[in-house]
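TrEMBL lists 21-200 with the feature domain 'Guanylate kinase-like'. As annotated by TrEMBL, ATP binding site applies to 28, 29, 30, 31, 32, 33, 34, 35.
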Ligand SMILES: Nc1nc2c(ncn2[C@@H]2O[C@H](COP(=O)(O)OP(=O)(O)O)[C@@H](O)[C@H]2O)c(=O)[nH]1
Ligand SMILES: Nc1ncnc2c1ncn2[C@@H]1O[C@H](COP(=O)(O)OP(=O)(O)O)[C@@H](O)[C@H]1O
């Protein structure tokens, strides 16, 4: 399945210097592959955690409450909105989706990275609130026909739901320029290798390496 030649080597994320975590956002039109890429990242990367969203939509076959989403009803969702428990929330495909705040805020300080499978509206909100922590990646399908083929092949949605996802796809694609990185997900292994490289590079940004300040101070101390 996975061709080892195109999978990026795992770059050790050293704990020697403290680093602030980052918020890694993966968006795409439905069916372009963000769930597939997210699962591959989470399987291979221990420092990456999924930000599990809250939603009012029903679970699909195979989805697990607390792992794929926190499933709730409208009243429960509204209560969380009123109590300020979301970093962002939006209406997508007639349902409500939101990113819980508590775990992410504390985890970033501890150096944990979070993966977000959210749409362009949520991406904009997170970017406005936490710009320096956010890395935005958008996946495109190689063609509209291939997108339709993948939605059909996934076998999780009725013909009616697939038609409505296809209808929304072009509107979602129109937000491609609100992202830092845009990748065409043609070959899954190549796409995964690219996403892994982005993550590795973004982790090395100076501003995230909070441990550099005392480290450099020590290096440049007058009596060292
Ligand atoms: N803004 C926002 N969007 C979300 C959140 N969780 C999921 N989404 C988006 O909602 C859309 C529908 O998700 P889903 O019902 O799982 O279907 P999918 O398109 O097959 O992934 C996707 O574009 C997700 O990225 C969230 O917490 N906030
Ligand atoms: N590069 C790819 N080539 C072929 N099929 C793919 C590729 N990426 C994803 N898929 C398949 O397409 C379907 C939709 O992918 P999924 O990850 O569920 O999309 P999304 O989460 O963006 O809605 C799944 O059946 C998945 O296995």
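For all residues, glycine too, the Cβ spot is worked out from N, Cα and C.
Automatic prediction, not curation, is the source of TrEMBL annotations.
The shown structure was predicted, so the numbers you read here are calculated from the model rather than taken from an experiment.
Structure with TrEMBL features highlighted.
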residue: 28; record: ATP binding site; contacts (Cβ under 8 Å, 6+ apart): 34, 138, 139, 140, 141, 172, 185
residue: 29; record: ATP binding site; contacts (Cβ under 8 Å, 6+ apart): 140, 141, 147, 165, 168, 169, 170, 172, 173
residue: 30; record: ATP binding site; contacts (Cβ under 8 Å, 6+ apart): 93, 151, 165, 168, 169, 172
residue: 31; record: ATP binding site; contacts (Cβ under 8 Å, 6+ apart): 141, 147, 148, 150, 151, 154, 165, 169
residue: 32; record: ATP binding site; contacts (Cβ under 8 Å, 6+ apart): 139, 140, 141, 147, 150, 185
residue: 33; record: ATP binding site; contacts (Cβ under 8 Å, 6+ apart): 139, 141, 150, 185, 188, 191
residue: 35; record: ATP binding site; contacts (Cβ under 8 Å, 6+ apart): 117
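Each of 139, 141, 147, 150, 185 belongs to the same chain as 28, 29, 30, 31, 32, 33, 34, 35, is absent from that list, and has a C-beta within 8 angstroms of the C-beta centroid marking the ATP site. Selection of the binding-site residues 28, 29, 30, 32, 33 by a Cβ distance under 6 Å from ligand 1 yields, in sequence order, 30.
As a whole-number mean, the pLDDT of the domain 'Guanylate kinase-like' (21-200) in this prediction is 95.
Mapped onto three states, the DSSP output places residue 33 (ATP binding site) in coil.
In the shown protein chains, 23 other C-beta atoms lie within 10 A of the C-beta of residue 34 (ATP binding site).
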